[in-house]
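A quick write-up on the structure given underneath.
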Amino acid sequence: MKLPTLNDNPFMKPMEWVSLLLLAGLILVLLPLALDSFRLNLVGKYLTYAFVALGLVICWGYCGILSLGQGVFFGLGGYCMAMYLKLEASSVENTRIQSTPGIPDFMDWNQVTALPWFWKPFHSLPLTLIAVVAVPTLFAFVIGAAMFKRRVGGTYFAIITQAIAAILTILIVGQQGYTGGINGITDLRTLNGWDIRTDAAKTILYFVNGGLLIACILVAQAVKRSKLGRILVAMRDKEDRVRFSGYAVASFKIFAFCLAAAFAAVGGAMFTLQVGFMSPSFVGIVPSIEMVIYTAVGGRLSLFGAVYGTLLVNWAKTSFSESFPELWLFGLGALFIAVVLAFPNGLAGIWRQHVEPRLSRKPKSPALPAVLPHGAPAE
Amino acid sequence: MFGDYSLGDLGAIFAMQGFAGLILFSVYVLMALGLAIIFGQMGVINMAHGEFMILGAYVTYLCSGFFQSNLPALFPGYFFVAMVLAFLAAGALGMLVEWALIRHLYKRPLDTLLATWGLSLILQQAYRSIFGAREVGVELPSWLIGSVQVTDAIEIPINGMFVMAVTVLITVAVALLLFASRWGRQVRAVMQNRVMAGAVGIDTDRVDRATFGIGCGIAGIAGAAFTMIGSTGPTSGQLYIVDTFLIVVFGGAASLLGTIASAFSISQTQSTLEFFLSGSTAKVLTLLGVVAILMLRPQGLFTLKVRR
């Protein structure tokens with residue numbers, strides 16, 4: 001069989017363009033028309049998780065690196081944004097009653113009298129916007145460089161990223177005076193003078209969020225179809241062969257991990273803007289693993305699937321935990337098990353196997369590659 | 001940080017914190033032993049390990065209640081019955097889980113991680129539905145209450161000593177089982193070369209199931225021991241799972257000695273630091289140290305030399 005070369009491959013197949021248009025139509029037209037502003041804000045919140053899920057598709061689905069610490073990057077991005085908003089909300093006029101005016105209220109409560117050095121850059125909006133992406137990406141780079149250069153991968157990497165998520169949560173909760181502790185950074189008001197609490201602002205932020213998500217999908221698609229994307233897949237399936245062919249395996253892995261971190265960070269920042277606070281409960285182990293399940297449900301090899309998976313799981317979570325809080329954990333647990341055992345390719349896999357062949361009258365398209373083809377190294 | 005204490009005080013502090021560390025060490029070792037068997041020998045990540053431990057704790061709680069109301073004469077000895085029952089309950093559940101879930105996923109280690117996480121959520125919610133969300137504690141028999149006064153400043157609680165004794169016993173038993181029994185030989189053979197082990201007539205499926213069951217059973221015993229020193233809630237297991245995984249990885253996955261050594265160093269560091277710094281800072285520093293060392297030496301402290 002002749003494999004198509006890269007030049008034959010269009011940027012996206014017609015079917016994928018249709019999927020993209022459908023998704024964009026759903027997010028940018030249908031949902032805003034159908035939902036009231038409260039529900040729309042809720043969907044906006046879910047969509048911020050979809051950034052993380054997208055990153056995981058590249059990092060986990062295509063490159064085979066399971067990170068259980070994506071909450072760290074989501075949280076770092078969110079905290080960077082929250083620090084800027086908090087500083088703006090605690091101007092000297094707003095905080096007259098404090099013993100030290102001009103610093104965030106939780107610092108005042110914890111007897112911190114001067115703004116710590118790492119808060120200072122967040123007075124400036126451009127620096128904040130850079131930090132939102134740069135801080136988590138750099139952090140991912142350090143972790144990735146340390147681990148992948150030493151050929152740590154697979155389950156070890158998963159455990160260590162999980163430990164990092166635990167450490168960061170404990171650190172944020174413990175250093176109450178500098179981070180706001182368990183309550184997080186709350187009471188955020190304006191972005192460069194623009195009130196983000198009004199319904200109109202929330203609607204605008206929703207559209208910004210949706211646009212950014214589509215942009216991230218396009219970036220991920222560009223990575224996926226490039227030569228780089230093929231090397232990622234090759235590495236996932238037979239790492240040693242790629243290494244022996246002369247590729248610096250570690251650098252490619254670091255790239256995939258950093259890209260996933262950057263996506264997660266954008267999601268985190270948008271989360272802070274739309275929801276109006278950031279807290280350590282979005283950083284730790286439990287949210288990080290939940291973000292993995294969004295990807296798994298949607299299909300770990302499908303960019304669009306990841307978005308739908310995120311929406312579906314969160315929708316189920318909200319409606320179940322509203323009406324049957326007891327059942328929700330059973331349902332979520334069963335979902336984990338079912339996806340892994342029965343549908344390793346998630347919703348996208350079901351779609352490609354059962355729906356797509358009926359849509360196109362063409363002869364059956366070749367089956368989706370297995371998640372781990374035969375003989376994948378069990379590290 | 002040492003400035004305000006005299007030398008004698010420091011000695012007593014280190015002794016006391018060292019002992020507190022030893023109790024933490026005991027829980028860690030019991031948890032990590034089961035995990036080391038499952039992860040180290042089988043390469044399976046069992047995120048529900050903490051929930052197996054809590055199952056043991058709840059079995060002990062039920063036992064304590066049963067003996068108190070029905071067999072008060074035998075109450076002082078109930079703990080030994082509870083330990084056996086905890087082992088059996090957790091082991092049986094473990095074998096069931098292996099049969100229903102894990103055996104389909106041996107080639108996909110990352111997926112076992114997700115599936116067992118799902119299992120842990122289900123178990124947690126089951127505990128919450130059955131036993132309630134509040135933490136429960138067991139009634140200690142009178143001979144386990146109190147403490148031994150060593151010097152003026154140092155006293156050692158009896159229940160802590162008992163937990164340590166249990167830990168030593170279980171560790172010796174596991175070591176004997178792995179290195180001196182027929183089953184242990186089979187387990188190690190399967191771990192080193194599954195195909196070859198199958199070829200020489202070892203039923204690898206059965207060995208896997210027994211290994212998983214025993215690993216979970218030991219977690220059950222850990223839970224029983226845990227009730228002696230703390231109360232049990234539906235999510236208590238989750239608090240320990242990350243630490244335990246780090247211990248196993250830090251020690252070198254396939255090495256029993258490494259697991260014990262790393263549990264010892266981590267628990268001692270944490271409990272000594274805890275006295276001088278706040279609890280959360282101590283924990284952060286300990287975990288950071290472990291992660292930093294793992295970045296420099298990813299294979300862990302001790303490695304088994306195996307030709308692959």
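Note that Cβ sites are derived from N, Cα and C of the backbone, with glycine treated the same way.
Summarising the annotation, TrEMBL assigns transmembrane segment to B:12-40 (among others).
Note on the transmembrane segment (B:52-71): residues 31, 34, 46, 78-79, 81-83, 85-87, 89-90, 93-94, 123, 127, 131, 136-139, 216, 219-224, 226-227, 232, 234, 236-237, 240 of its chain, located 6 or more positions outside it, place their CB under 8 angstroms from a CB of the stretch. The transmembrane segment annotation in TrEMBL covers B:52-71 (among others).
The annotation transmembrane segment is assigned in TrEMBL to B:77-101 (among others). Below 8 angstroms of C-beta separation, residues 48, 52-53, 55-57, 59-60, 63-64, 66-67, 71, 115-116, 119, 141, 144, 166, 208-210, 212-221, 223-225, 228 of the same chain, each at least six residues beyond the ends of the transmembrane segment (B:77-101), sit close to that stretch.
Per TrEMBL, the feature transmembrane segment maps to B:161-181 (among others).
Positions annotated as transmembrane segment by TrEMBL: B:212-233 (among others). Long-range contacts of the transmembrane segment (B:212-233) within its own chain (CB-CB distance under 8 A, at least 6 residues past either end) are made by residues 23, 26-27, 30-31, 33-35, 37-38, 42, 44, 46, 49-50, 52-61, 64, 79, 82-83, 86-95, 97-98, 102, 133-138, 140, 144, 159-160, 162-163, 166-167, 170, 174, 177.
Taken from TrEMBL, the feature transmembrane segment covers B:239-263 (among others).
Within the chain carrying the transmembrane segment (B:275-296), a Cβ under 8 angstroms from the stretch's Cβ atoms is held by residues 1-2, 13, 17, 243, 246, 249-250, 266, 269, all 6 or more beyond its ends. Per TrEMBL, the feature transmembrane segment maps to B:275-296 (among others).
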Same-chain residue ranges lying at least 6 outside the transmembrane segment (B:12-40) that approach it to Cβ under 8 Å:
5, 46, 49-50, 52-53, 150-151, 153-154, 156, 160, 163-164, 166-167, 170-171, 174, 178, 187, 191, 211-212, 214-219, 221-222, 225-226, 229, 240, 243-245, 247-248, 251, 253-256, 259-260, 262-264, 266-268, 270-272, 274-275
